[in-house]
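See structure below.
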Amino acid sequence: MQPVIFGIVLAMYLVAVMGNALLVTVACSDPKLQTPMYFLLSQLSFIDIFLTTITVPQMLVHTLSVNRTISYNCCMTQLFFFMAVGSMEGHLLAAMAYDRCVAICDPLRYSAIVSHRLCLRITLTSWTIVSLNSLLYSVLVTHLTFCGNQVTHFFCDITPLLQLSCTRPVVNEMLIFTEGVAVVVSPFFFILGSYARIGIAIAHMRSVVALRKALSTCSSHILVVLLLYGSVIRMYLRPSSSYDLDQDRQVAIFYTVVTPMLNPLIYSLRNQEVQGALQRLFRKHWISRNFQPGSQANREWQHIS
């Protein structure tokens, strides 16, 4: 089954990378999408590319390889980037929830409150927080004494590494349930608070068109939030005694492969602005390719003219 698994995972990885790269290209190049919301969406797509690239290529190599090894330094590096990028996704979703909250609850002051400068500050601050948090985790793991070198996972994650410790890593587990909750779960509570305000605002709407637009705007974001935090809570926010290798592998594959593949589909299929931008991009590419000087289509057009 290894060649079959390799083919399926490779196809999903390519779809995830190309779909998110296309979304980044559209958000950065289309003049009609130069808004704070699409800036945050492009950052989320970049994060999805980064997240799946951290883990999947090595998994693909190990799927068809006999020598499934990773050096200690590479393992710690992978742990650092995976923790940082995974946490950053939650912070971006919280920023997007704030953007939607202001747009629905205070639309007249939206341009004055939410700006590109504010989104850039939020992004840089979030990167600083998650990087320091990930560095703290990585340093603590490097101080553990391991009784084996068999990582029972397809990448170096915090939970299987703690399982290799000779003694119970009490400090690390306490850190996960205190500082980890503050950094990872606090964006989730912020999202819940934002949607509570949005719900109150929607309840007072009398226009059916405005109500439908508000629900359409939030539905894609809510679905992505559920996909992300459903996986995160299942993987990390529980005692190590309830660790189940098979279930964690399945959730990890869903989190690192399936979710990054679904995110661009969710935002493009349910967003008319993104669909219009994609059509303009493809039309522009088709015209530039077929009507270059010396092309057959250009010669035919000149002949007709």
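Placed from the backbone N, Cα and C atoms, the Cβ positions cover glycine too.
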Suppose you had to name the range TrEMBL annotates as transmembrane segment; which of 195-213, 214-232 would you pick? 214-232
May I ask you to check whether the transmembrane segment (118-140) and the transmembrane segment (38-59) make contact, with contact taken as at least three Cβ pairs under 8 Å and only pairs 6 or more apart in sequence counted? yes
What stretch in 38-59, 79-98, 174-193, 252-270 has the biggest tally of Cβ pairs under 8 Å against the transmembrane segment (214-232)? 252-270
Looking only at the domain 'G-protein coupled receptors family 1 profile' (19-267), what is the mean pLDDT? 84
Between the transmembrane segment (174-193) and the stretches 38-59, 79-98, 252-270, the largest tally of CB pairs under 8 Å belongs to 79-98
Determine which residues of the chain contact the transmembrane segment (252-270) at the Cβ level, with the cut-off under 8 Å and only residues 6 or more beyond its ends counted. 9, 12-13, 15-16, 19-20, 22-23, 41, 44-45, 48-49, 51-52, 54-56, 86, 153-155, 157, 216, 219-220, 223-224, 227-228, 231-232, 235, 278
